[in-house]
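Q: One structure follows; several queries about it will come next.
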Amino acid sequence: GRALLVLLLSATVSLLGGLIFGYELGIISGALLQLQTDFHLSCFKQEVLVSAVLIGALLASLAGGILIDRHGRRRAILVSNLVLLVGSLILTLAGSFTVLVIGRVTVGFAISVSSMACCIYVSEMVAAHQRGLLVSLYEVGITVGILLSYALNYVFADVDEGWRYMFGLAIAPTVMQFLSILFLPVNPVKLSSWDSDCQKGLIPLQDTEDRAAAKREPYQEKHYSFLDLFRTRDNMRRRTLVGLGLVLFQQFTGQPNVLGYASKIFHSVGFQSNSSAILASVGLGAIKVVATLVAMALADKAGRRVLLMAGCVVMAFSVTTIGLTSRMAPLAMARDCTAATGPNASHSLTQHPLTPVLPQSAVSPVPPAAGAGKSQAGPGFAATRGLTNVFASTQSKEVVPNSSLSQKRDLGGQSKKGTLGSTGPPLGAAPWAQHTVLNWITLLSMMAFVSAFSIGFGPMTWLVLSEIYPAGIRGRAFAFCNSFNWAGNLLISLSFLDLIDAIGFSWMFLLYGLMGVMAVIFIYLFVPETKGQSLEEIDQQFSRKR
């Protein structure tokens, strides 16, 4: 009975950790629409607000590893829950732009520490044959959290100061996670003496070999300094190569950006009204949840390597297809980020021109019909675009704003047309009408990309990272790779528009396809299979191999 309880609590901690992460990343897109009018935010301020989470997360990935290694995984999660509660309260009660930014940085710090500690804690807590399932549950939580945040964006869209509720609701899952983890035993890895209580709590989860190894481990644990990550000792250098390769390829296959264009593609396929576009995006979100569940089921059967390679092949194929179809049927790219904050602008979101909510929302997905002055999009579309953006990546910290070229709107809502050079016809035209078949191919490719990411790179990167390092340096190593993940994301998202200007949209996607092929080769050569092995066996396997 106790073993089952520990298993269920581990699953709850993993799922709630992911849920909070996804929710905090997704909720900003809907909140921004209201914040923009309540606080009269300029484009630059909106970008600062969106990227504040990223700054907090980067700070956490630099400092969090030490916290996780020194004070244990369980305590790190408890601390991150408390920090998140503080951050959510700051946001809920915020009265100025500066307070909002402080709140978002705090939240970013908390979810980043929590994301690292949860994956490591759960991987150390359960038996080898359940590890893939339970660590992947974290990724399922993220996808569900993002879907939930969009549902709530929609619910509170027309509520006065609805953003306060949006930010405040994150408190509930945080408290639940805090309570769940209080009932879990401290990790055996961290015990200097093997106490009987922990033995009762943890051992039933693990089979005999695991049990013997866990009993030995507290006495055998080696101490590593941070610089050991780059030395040949215990083959640490190769482990670092595997970790960094995975997080960087996860970003450089283009996933932060591919979905920035999702809402535009939905539009071109004929999802003309706001509600149908929202449904289409929620559909994309649902596909992502289902694909992550598939990955969770297969992680311990098919293995990590197989899923990573299969996912990469499909991703490379689908971005290449998008690249080729967009050569034949170019999409017009333009963006707009100023709010209609005129004297007569009402609080109802439906009257605001669209706001690109997240970084890559480099796109205004609603090209006005030729001659139409008013923006036809309401909260639905903004939420949709945010949704598709956030879905671009889960654990992958996709929130990065862009600053260059913005298409201004004056108070009347008239749009001054400014399109990105060389990316196709002007916004007023509907260049897609004649390319129906190609548009559907593009849409299906996008769905394939989302599914492949959610089966391969999405969950497996974090699973492998939580397995390949020795216990003594696991927290710092995970945090080190994580900081590259956030930085890679920042780089990809910020350079996107400039690259499109330089080489064009379709070449950009063909480049992502090439990166996908390189990722397959990298995984084939360097990433070992870790399914069904205890953490000690994985450690020995790495230490032997040169």
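Glycine is treated like the rest: Cβ placed from N, Cα and C.
Feature list, courtesy of TrEMBL:
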- 10-531: domain 'Major facilitator superfamily (MFS) profile' (DOMAIN)
- 398-427: region 'Disordered' (REGION)
- 48-68: transmembrane segment (TRANSMEM)
- 75-95: transmembrane segment (TRANSMEM)
- 101-122: transmembrane segment (TRANSMEM)
- 134-157: transmembrane segment (TRANSMEM)
- 163-184: transmembrane segment (TRANSMEM)
- 240-258: transmembrane segment (TRANSMEM)
- 278-299: transmembrane segment (TRANSMEM)
- 306-325: transmembrane segment (TRANSMEM)
- 440-465: transmembrane segment (TRANSMEM)
- 477-497: transmembrane segment (TRANSMEM)
- 503-527: transmembrane segment (TRANSMEM)
Q: Any chance you could find the range in 48-68, 101-122, 306-325, 440-465 with the most Cβ pairs under 8 Å to the transmembrane segment (278-299)?
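A: Per the Cβ count, the answer is 440-465.
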Q: By Cβ distance under 8 Å, which residues at least 6 away from the ends of the transmembrane segment (75-95) in the same chain are close to it?
A: 13, 17, 20, 64, 67-68, 102-104, 106-107, 109-111, 113-114, 116-118, 121, 164, 167-168, 170-171, 174-175, 177-178, 181-182, 475
Q: Looking only at the recorded stretches 48-68, 163-184, 440-465, which one has the largest tally of CB-CB distances under 8 Å to the transmembrane segment (134-157)?
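A: It is 440-465 that shares the most Cβ pairs under 8 Å with the transmembrane segment (134-157).
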Q: Which listed range (48-68, 163-184, 240-258) shows the maximal number of Cβ pairs under 8 Å with respect to the transmembrane segment (440-465)?
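A: Ranked by Cβ pairs under 8 Å, first place goes to 240-258.
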